[in-house]
Amino acid sequence: GGGGAGPGEAAVALVVQVHERAEHLRILLDSLRRAPGVEKVLLVLSHDVWSAELNALAASVDFCAVLQIFFPFSLQLYPGEFPGTDPRDCPRDVGQAAALRSGCLNARYPDAFGHYRESSFTQTKHHWWWKLHFVWERVRALREH
């Protein structure tokens, strides 16, 4: 997809973190389609899941330049190991003493509230930081922004 200005001519980049909610993306795209000046936007869609439906929505964008990027450390790609949930990970609420006795992988690293990593929430944070770094450092069309 992509009409309007080319990626290198975009006045502004709009970076969107996309998960599994196709309906939410559809609503966003419908809204953007009607926004004045949208043809000057480079829309960067950063996905943490591969989905034919989400890809079709991205391909339907005809009102601005669009770029899809894919988070390479997603739960979809690593379901049974870090950064996904390793079967040897500590349960969220086990408590550090019990975690240390059990020998679970991350026993020495509870969070500030004494809980252990939940991969679905951690993925959102990891994806956020990866996306920002990738767009700032690697997207050639944005080098002058």
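The backbone N, Cα and C atoms fix where each Cβ goes, glycine too.
Listed in TrEMBL for this protein:
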type: BINDING; residues: Gln17, Val18, His19, Glu20, Arg21, Asp48, Gln123, Thr124, Lys125, His126, His127; note: substrate binding site
type: DISULFID; residues: Cys90-Cys104; note: disulfide bond
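What TrEMBL annotates, mapped onto the structure for a quick look.
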| residue | record | DSSP class |
| --- | --- | --- |
| Gln17 | substrate binding site | strand |
| Cys90 | disulfide bond | coil |
| Cys104 | disulfide bond | coil |
| Gln123 | substrate binding site | helix |
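Candidate binding-site residues: Gln17, His19, Gln123, His127. Nearest to Cys90 (disulfide bond) by Cα distance: Gln123. Sequence-distant neighbours of Lys125 (substrate binding site) (same chain, six or more apart, CB under 8 Å from its CB) are absent. The Cβ of Cys104 (disulfide bond) has 18 neighbouring Cβ atoms from other residues within 10 Å, across all protein chains displayed.
Sequence-distant neighbours of Gln123 (substrate binding site): residues of the same chain at least 6 apart with a C-beta under 8 Å from its C-beta are Asp48, Phe71, Phe73, Ser74, Leu75, Pro83. Its Cβ placed at the centre, Gln17 (substrate binding site) has 16 other Cβ atoms within 10 Å.
Distance between Cα atoms for Gln17 (substrate binding site) and Cys104 (disulfide bond): 32 Å, as a whole number. Long-range neighbours of Arg21 (substrate binding site) (same chain, six or more residues apart, CB within less than 8 Å of its CB): none.
Around His19 (substrate binding site), the same-chain residues six or more apart in sequence whose CB sits under 8 Å from its CB are His47, Asp48, Val49, Thr124, listed in sequence order. Separating the Cα atoms of His127 (substrate binding site) and Cys104 (disulfide bond) is a whole-number distance of 25 Å.
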